[in-house]
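Student: Would you mind keeping the following structure in view while I ask a few things?
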Amino acid sequence: MAEEHKHEESIMEKIAEKIHEESIMEKIAEKIHGHGDSSSSSSSDSDDDKKSSSLKTKVYRLFGREQPVHKVFGGGKPADIFLWRNKKVSGGVLGAATVSWILFELLEYNLLTLFGHISILTLAVLFLWSSASTFIHKTTPHIPEVHIPEEVVLQLASGLRIEINRGFTVLRDIASGRDLKKFLLVIAGLWVLSKVGSSCNFLTLIYIATVLLFTIPVLYEKYDDKVDDFGEKAMREIKKQYVVFDEKVLSKVMSKIPKGAFYKKKD
């Protein structure tokens, strides 16, 4: 009986060991399978990310824009004013520009005369108000302290400096004869600017530029997808016309220019 009991115990131990080995093998298989699934899912995710990034890079933006319009304008308060983030300030600036143009251009008012009259009227009203308040025992008028914020001036100056330096770089590249296409575009732009300048004076030109600055960016930010789509089609057509112009005109003109003179100068 004792031997039979030992034999049964050994059989039960073997069965338990087999069950334990099978559970271990199942856990290993699950880990391997799970790792494969995670690697495949990560690879599929990376493929999806690559596809989405490739689709994003294929989107055409006007003038090669890669940032939002607010960032293009430098961000901060100047960008908020131009893009009408603060409607009261933007409307006040545009209204002041409109009133100034009407006074100086339409009514032919002089700047120094206007400044003198406004200063005289303002100081007279405040002086009389302050003097009268002491006699009638009322509080004097509160005159606020007016000062120009340094941050706004620095941001405007920084943005203007960047654009001026960029313009100087473009003009230097054009003057060095590296890009004929840019040369023709700049010549055409300067010709259009000269025609506009001959039809209106400098003050009107500044006012037109101010109105465009307060209208075009905010409209472009609102309808940027449609404008970019139209700009892409326009650029394709311009490139086609430029290829035709290059083949029929520019290539013939450049072929007639003697190239030996340039090599002699280099030597």
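Here the Cβ of each residue, glycine as well, is placed from N, Cα and C on the backbone.
Summarising the annotation, TrEMBL assigns domain 'Reticulon' to 78-267. For 30-52, the entry in TrEMBL reads region 'Disordered'. TrEMBL lists 89-104, 110-129, 202-220 with the feature transmembrane segment.
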Student: By Cβ distance under 8 Å, which residues at least 6 away from the ends of the transmembrane segment (89-104) in the same chain are close to it?
Tutor: 80-82, 110-111, 114, 203-204, 207, 210-211, 214
Student: How about long-range neighbours of the transmembrane segment (110-129): same chain, 6 or more residues beyond its ends, C-beta under 8 Å?
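Tutor: Distant contacts of the transmembrane segment (110-129): 103-104, 140-141, 143.
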